[in-house]
Every structure is written in C-alpha cells, then in structure tokens.
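Trainee: What follows is a single structure, and I will ask about it in a moment.
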Amino acid sequence: MDFDTIAAISTPMGEGAIAIVRISGPDAFMIADKLFKSINNKKISTALTHTIHYGHIVDPANNEVVEEVMVSVMKGPKTFTKEDVVEINCHGGIASVNRLLQLLVTYGARLAEPGEFTKRAFLNGRIDLSQAEAVMDLIRAKTDRAMNVALGQMEGRLSKLIKRLRQEILETLAQVEVNIDYPEYDDVEEMTHLMMLNKSKNVKIEIEKLLQTSQQGKILREGLSTVIVGRPNVGKSSLLNTLVQENKAIVTDIPGTTRDVIEEYVNIRGVPLKLVDTAGIRETEDIVERIGVEKSRQVLKEADLILLVLNYADELTNEDINLFKAVEGMDYIVIVNKTDLPQKIDMDMVGKLANHQKMVTTSLLEDNGVNQLEEAISTLFFEGAIEASDMTYVSNTRHIALLNQSLQSINEAIIGVEMGTPIDIVQIDLTRTWELLGEIIGDSVHESLIDQLFSQFCLGK
Ligand code: GDP
Ligand code: ZN
C-alpha cells in the first residue's frame, strides 16, 4: 500500500512541558531534513536508525530558529507504523509547536487524522484490530491497572486466544468437508459429530470465560463504582477526603462533581475506584427520605462496592441495622470509625451483622486504620481475579458484543449436532462463529468499519 507522509502532535494538547510531533511516511526523513539543523550538520536521512539528535528547527524561509529540539530517527519497518518515523521533541509552548506543524505541512507532510498513526500500523500489518483498539483504550486508560489491561491486550493476548479458537473451528470445518465428500462412511460421520461436539463445546467454554472477564474489564476501565453509606456524622465525608487526598487518580479530565452526588476517582493499590459520596445529600437531609427508599436501594444496587460506615463512639441504631439489610448480598466493607473516642458500639453485634464481610476500624481524625481499609479493598478485588496477572481481559464493548454473538452461534451449532441436524446446516453456524470471532481481530471487517473505529482515536495517535 502506498501512503503519503502524515504529521501530528502526539502528546496531549496543553499538557506537560514537552510536546512530541510525530511524522510518519515515505518522505518523513526528507521533510525533517528541510527543517532540522543539527549542531554537527548531520542529516536525518543518513542518520542511523533509532538514534536521537539535538538541534534546532529553522524556518527555511527566513532562517529563524523556531524551536530547540531533540529528534528521534526511526527507520521502517521497525516502527509503530512500519514506516519511516521522525519524532520531534520540543519543550516550547503550543504556539511554537503549532508553527512547527505548519512548517511540516508546508514542506510536504499532511496533518494526520485522528487515529491515523494507529490506522497505518493496522493497515501495514503491524498490529491487528484488537490491538489497535487496545491502543485506543490505552489512550483513555484512567488508571495504571486499566493501562496494564490495555497493554496486555496490545501484546496480543486476546488475539492469540481468538486465533486459537478460530483454528479449532477451522479444523472442525475441515472435518465436515471430509464428511460431505465421503457421506457413505458411517464412522466418518460419527467421528465428525464427535469432533464437532467436542471442539464446539471447548470453544463455547472459552468464549464464556472471556465474557466472564468482560464485567471486570469494564470495571477496570471505569473504576469500581463505590458508594459510601452511613448515618449522618459517622465520618463519610472525612473518609472520602482521606481516600482522595492519599490516592487521587492521575486523571484531571473527569469532572469531580455531579449535580446530586460527589464523584471522585481514586486509585487504591492498583484498584481504580469511582467513589460516590452520598454525603452531599445527607448533610442536609436524609438520602432515603429525599430520594425514597426504592431509589436509594437502586443507587446501592448499582454499586460494585459499598463502604458502610459506623460510629464507634455511638450505639448501633435501627438506621445502622437497616443499612446492613440494604446491602445484603453485595460486596461491602464495614468501617467502624472514631476509635479515638470512648467505645459505645457493640462490636460483637457489628461482627454478627457484618457476617463474614470485611471489617476495619478507623480513626480518620488520627489517620489510623486507613492502610487496613486500603488493603481490604485491594484484597477484595484481586481475590476475585485470581488469574489477574495472566488473564485476558475483555473490556471493549465491540468485543463483548461479538463474543456474545459468537456464543450464540456456537450454541446453535452444539444444539444442532446434538439433535442430529444435517451437517451442512451445522456448518453454517460454525462458519458464522468463525467469522464473528474474526471480526474481533479484524480479519473480516470492511473498510468503513475500520474508518469508523479509527476516527475515534485521539489526534496524533
Ligand atoms: P458524615 O456526616 O458522615 O459525612 O461525617 P463527617 O465526615 O462530616 O464527620 C462528622 C464529624 O465527625 C466531623 O466533625 C469530623 O471531623 C468528625 N470525625 C470524622 N472522623 C472522625 C474520627 O475518626 N474521630 C473523631 N473524633 N471525629 C471524627
Ligand atoms: Zn459529611
């Protein structure tokens, strides 16, 4: 495929002191040579690949120095796009970076469309579609952990697994062909049935496993929705503030507050949480009274994790006990706060109510017990993900939809075999499963779908 040369700022706009302008394509070196003056007069086009050069960007029209830069030279195909790539690291402000970009365009580059670098990597066979989407997730990843998931996917874990499943189906389809060619042999037919059944069931199990992880993938990308509940004055706001102060997620682009509740993103030992504080409502009136019992139950139901706060220096009340009822069957951690004050609460009773759920005591005032709470949160999460380190997470909505469809058609194939449906009908379901799985890794997608996917990327990636 023949491509032109594209350029874009590949670092987030307005963020950080360093901006990287990336150029990719057949003329990348030539264009860079027109603008870059190294201190020892070295040329980009004759430089060794994967080397960095110090110098200045000079406007050829008036010999004015635009920027002091470091230029990375990377010769294809060992680059992200498989093309010749030049990355210009500037430390100037947006204005001079934009001027550099304009110069690049003047001297032969075209401004890249959003996601176009990744699109090229895909079209040049450098990465497959699920990897390309992982890059997109990476760009959007809100926490380190989500980042690892995205990275894992980029390494092609999901692709590998999908390829293996497709291979199994392919082998089955080959056997079906044999069977159709030699219909007179009974044992061939029997073998085919057996093989179809075994392989299909295998594939089904694997797809189901993948889908099970999808819930987690989703959680990882958006943060576990965590709701803090408790009577007024037990320390909910204090808890939120403590967790936020110590673990504020790196992200800054998420609005901290919504109209009714306060939402904060924190990263607790690798577990991304979206903390929902109902305190804002409770300060003035009771959440249950205000939005009604049903509605507040619903808020709780939608939570992935609940932090139930009690007051150590107060006796248990009916309201406390009602809260335990409300969170029954959910993942929650009991926090008995204000241990710096004389005890009034009946801890045996709390233990019974908590019924094997995790429990920690804290004094938020004296900053005690917060570590244990964080430990409890991360254990709770990672216990549920025993295979976390080498698990394939599916977190992409398109992948999940395709996996669900694949599951449906492999199921139809299995039912077909079991009911003795003619083999060429079962074959259709198997082929469909194979195609659907292929769509996940981009083996059977149309150009338009590709365009649509890549246009979602951030500019310059
Ligand atoms: P909320 O109504 O549940 O959100 O409770 P707040 O976080 O607003 O706390 C209510 C009051 O309890 C505030 O005056 C806090 O300073 C105080 N408080 C919170 N945690 C502790 C604690 O561990 N010990 C003591 N002694 N006071 C606390
Ligand atoms: Zn409060």
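Cβ coordinates come from backbone N, Cα and C, glycine included.
No curator has checked TrEMBL annotations; they are predicted automatically.
Pasting the relevant annotations from TrEMBL:
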BINDING   R22, E87, R126, K461  (6S)-5-formyl-5,6,7,8-tetrahydrofolate binding site
DOMAIN    223-382  domain 'TrmE-type G'
BINDING   N233, T252, I254, T257  K(+) binding site
BINDING   233-238, 252-258, 277-280  GTP binding site
BINDING   S237, T258  Mg(2+) binding site
Trainee: Counting only other Cβ atoms and using a 10 Å cut-off, which of the binding-site residues N233, S237 scores lowest?
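Mentor: N233, out of the binding-site residues N233, S237, has the fewest neighbouring Cβ atoms within 10 Å.
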Trainee: In this predicted model, what is the average pLDDT of the domain 'TrmE-type G' (223-382)?
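Mentor: Reported value for the domain 'TrmE-type G' (223-382) is a mean pLDDT of 77.
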Trainee: Based on a Cβ-to-ligand 2 distance below 6 Å, what subset of the binding-site residues E87, R126, K236, S237 would you report?
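Mentor: K236, S237, by Cβ distance under 6 Å.
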Trainee: Looking only at Cβ atoms, how many others are within 10 Å of the one on R126 ((6S)-5-formyl-5,6,7,8-tetrahydrofolate binding site)?
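Mentor: There are 19 such Cβ atoms around R126 ((6S)-5-formyl-5,6,7,8-tetrahydrofolate binding site).
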Trainee: If you count other CB atoms within 10 A of each CB, which of R22, K236 wins among these binding-site residues?
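Mentor: The residue with the densest Cβ neighbourhood is K236.
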Trainee: Measuring Cβ to any atom of ligand 1 with a strict under-6 Å cutoff, which of the binding-site residues R22, E87, R126 qualify?
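Mentor: The ones that qualify number zero, so the answer is none.
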Trainee: Please state whether DSSP places R126 ((6S)-5-formyl-5,6,7,8-tetrahydrofolate binding site) in a helix, a strand or coil.
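Mentor: Looking at the DSSP assignment, R126 ((6S)-5-formyl-5,6,7,8-tetrahydrofolate binding site) belongs to neither helix nor strand, so coil.
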Trainee: For N233 (K(+) binding site), name the DSSP secondary structure in the helix/strand/coil scheme.
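Mentor: Note: N233 (K(+) binding site) is coil by DSSP, not helix or strand.
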Trainee: For E87 ((6S)-5-formyl-5,6,7,8-tetrahydrofolate binding site), write down the residues of its own chain that are at least 6 apart in sequence and whose Cβ falls under 8 Å from its Cβ; none is a fine answer.
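Mentor: For E87 ((6S)-5-formyl-5,6,7,8-tetrahydrofolate binding site), the qualifying residues are S10, I20, V21, R22, I23, V71, S72, M74.
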Trainee: Could you round the CA separation between S237 (Mg(2+) binding site) and R126 ((6S)-5-formyl-5,6,7,8-tetrahydrofolate binding site) to a whole angstrom and send it over?
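Mentor: A Cα-Cα distance of 49 Å.
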Trainee: Could you state the whole-number distance in Å separating the C-alpha atoms of N233 (K(+) binding site) and R126 ((6S)-5-formyl-5,6,7,8-tetrahydrofolate binding site)?
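Mentor: About 57 Å separates the two Cα atoms.
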Trainee: Measure from the CA atom of K236 (GTP binding site) to the CA atom of R126 ((6S)-5-formyl-5,6,7,8-tetrahydrofolate binding site) and give the result in Å, rounded to a whole number.
Mentor: 50
